[in-house]
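So TrEMBL has the following annotated:
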ACT_SITE  H258  active site, proton acceptor
BINDING   G31, A32, S33, G34, D35, L36, T37, K38, R65, K166  NADP(+) binding site
BINDING   H196, K200, E234, D253, K358, K363  substrate binding site
DOMAIN    28-205  domain 'Glucose-6-phosphate dehydrogenase NAD-binding'
DOMAIN    207-508  domain 'Glucose-6-phosphate dehydrogenase C-terminal'
Amino acid sequence: MSAQPMTVSYNYREQLCVDSAPGPGTIVIFGASGDLTKRKLLPAIYALFERKLLPEKFAVIGVARTEMTNEAFQEEVREAMAANGDTVTDEFLAKFSYVAGQYTESATFEQLETELKRVSEEHGTEGNALFYLAMPPTMFEPIVKGLAEQGLLEEDDAWSRVIIEKPFGHDLESAVALDKSLKRYIKESQTYRIDHYLGKETVQNILMLRFANAIFEPLWNHTYIEKVEITVAEELGVEKRAGYYDKAGALRDMFQNHMVQMLSLIAMEPPAIFEADAYRDEIAKLISSIRPLEGQDLGKISVRGQYVEAVDSERPAVGYRKEEGVAPNSQTETYVALKLFVDNWRWRGVPFYMRTGKRLPKKSSEIAITFKPIPHSIFKPIRPKDFNQNVLLLRMQPHEGMGLSLEVKSPGSKLCVNTLEMDFSYSDFMQGEDIPDAYERLILDALLGDQTLFVRNDTVEASWRLFMPLLRAWEADLDNVPLCFYPAYSEGPKETNEILEGGSLQWRKI
Ligand code: BG6
């Protein structure tokens with residue numbers, strides 16, 4: 001009974017949009033020469049500019065340590081964009097200027113204030129400022145302190161917002177300390193914590209799918225859903241980030257943030273309105289309902305792995321411990337699989353199988369929701385277990401889209417059952433245009449002052465609280481949760497199957 005592909009047609013009706021346009025403002029990028037700025041922020045700002053989503057009255061000020069003129073910085077922007085395959089216009093570059101200085105010196109913030117006043121006059125940005133800290137977390141406090149002491153975070157006549165990037169702490173204690181130190185200078189309403197997964201189109205579509213269709217919600221519970229499987233597989237290894245990654249590992253790097261946010265979107269209750277606090281209250285409630293790991297047999301619900309040299313001769317890859325900058329005896333996990341439960345009325349007993357790792361066969365992020373088997377077969381001798389269970393597959397990336405498998409009768413005089421895959425692909429829907437990058441949406445929302453897709457501090461802490469028992473057990477190196485090794489480009493450690501119910505099921509093939 002092989003699955004047959006099926007085409008679906010799209011109904012291009014006039015779209016209904018929740019539209020808003022940001023008012024005047026300046027984006028100030030700390031870490032203006034850094035990798036994040038070049039790879040993500042500049043392309044996102046340019047794409048917004050091209051699509052006329054930025055206000056006419058906007059400017060960008062880069063801040064970094066190297067001495068540079070405005071013209072030299074504009075040239076750097078031009079080159080970075082050319083490396084991305086974009087030729088930017090002079091009109092766009094004219095919006096950029098530069099301030100050089102140390103992030104810990106008050107002179108830098110004095111100069112920044114002068115520059116902000118100048119661009120406010122030249123570009124009409126009305127003193128509004130979005131400070132993007134494209135910096136390691138150790139720099140968050142000094143920069144926010146510098147901004148505060150210069151009076152740049154006061155919101156008397158203009159708004160002032162700060163975007164920070166993960167990691168938000170290394171564990172619960174440091175996350176609490178980080179937040180406490182930031183709160184001395186900025187309010188939660190000014191703090192925009194980025195989890196770029198929340199800006200992805202396909203991740204946002206989870207909510208639209210669940211709450212704009214009447215057919216899913218009645219089935220979205222333990223009565224009809226057997227299990228949920230969330231996979232975020234990466235083909236890349238640690239690349240040039242060993243300095244950070246070898247101290248973090250996959251649980252801190254992916255689970256504590258992106259994976260938990262995706263689980264929350266699948267499992268949360270509907271907020272009354274899609275608005276920052278109502279929505280984030282539900283996320284916070286959901287994370288707090290995940291069954292605590294404390295007291296569970298961690299060996300039965302978790303697997304941690306590390307990649308070793310590839311056996312695939314077509315794609316040679318060194319083992320993690322041989323990567324540049326990684327300790328030769330590193331115990332850092334590059335792979336984690338977990339079985340989680342959400343202890344509430346809706347999800348009682350439904351396992352959420354979640355795994356993420358580097359150097360897996362290919363890049364593939366998806367959420368598979370498997371519905372329960374039919375209770376009885378009227379098509380004797382075909383038994384209930386002969387039918388494939390319905391699977392709703394949400395493909396996050398690449399090949400963004402979704403699919404639903406259905407059992408149908410094969411045409412013909414005999415009574416034969418077969419499986420159809422209804423498949424929707426964003427690329428068909430976009431008709432050749434690229435799907436907007438997550439950073440575009442998030443920068444736009446920050447300019448609009450919409451915090452909905454930014455992570456609130458209570459959810460950061462709730463997520464750390466959840467994972468602390470696992471991190472502690474790993475640090476103690478308990479035999480119960482050993483580090484399992486897997487060859488680069490394999491499906492991950494073989495032990496992963498053992499956490500599936502009864503050990504007899506299979507994970508979906510990556
Ligand atoms: C980042 C992690 O947050 O997400 C990286 O630090 C990871 O290690 C990346 O590679 C994955 O993001 P994406 O958008 O490529 O799935």
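Each Cβ is built from the backbone N, Cα and C atoms, and glycine gets one as well.
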How many other Cβ atoms sit within 10 Å of the Cβ of R65 (NADP(+) binding site)?
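Around the Cβ of R65 (NADP(+) binding site), 13 other Cβ atoms lie within 10 Å.
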Select the closest residue to D35 (NADP(+) binding site) from the following binding-site residues, measuring between CA atoms: H196, K200, E234, D253.
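Spatially nearest to D35 (NADP(+) binding site) by Cα position is H196.
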Rank aside, I only need the closest one: which of the binding-site residues H196, E234, K363 has its C-alpha nearest to that of R65 (NADP(+) binding site)?
H196
Take the C-alpha atoms of T37 (NADP(+) binding site) and K358 (substrate binding site) and report the distance between them in angstrom, rounded.
24
So which of the recorded positions is most packed in, judged by how many other Cβ atoms lie within 10 Å of its Cβ, out of H196, H258?
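That would be H258, with the highest Cβ count within 10 Å.
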Go through D35, E234, D253, the listed binding-site residues, and name the one with the sparsest Cβ surroundings, counting other Cβ atoms within 10 Å.
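Fewest other Cβ atoms within 10 Å, among the binding-site residues D35, E234, D253, is found for D35.
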Of the recorded positions listed here (G31, S33, H258), which is spatially closest to K200 (substrate binding site) when Cα positions are compared?
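That would be H258, the closest of G31, S33, H258 to K200 (substrate binding site).
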Under a threshold of 6 Å between Cβ and any atom of ligand 1, which of the binding-site residues G31, R65, K358 are retained?
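Listed by sequence, the hits amount to none.
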Using only the residues recorded as binding NADP(+) (G31, A32, S33, G34, D35, L36, T37, K38, R65, K166), report the maximum Cα-Cα distance in Å, whole number please.
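Across G31, A32, S33, G34, D35, L36, T37, K38, R65, K166, the widest Cα separation comes out at 22 Å.
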Over all pairs within H196, K200, E234, D253, K358, K363, the annotated substrate binders, what is the largest Cα to Cα distance, rounded to whole Å?
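Spelled out: the longest distance between any two Cα atoms in H196, K200, E234, D253, K358, K363 is 20 Å.
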Of K358, K363, the binding-site residues given in the record, which has the fewest other CB atoms within 10 A of its CB?
K363
Between K358 (substrate binding site) and the residue listed as 'active site, proton acceptor', what C-alpha distance do you get in Å?
15
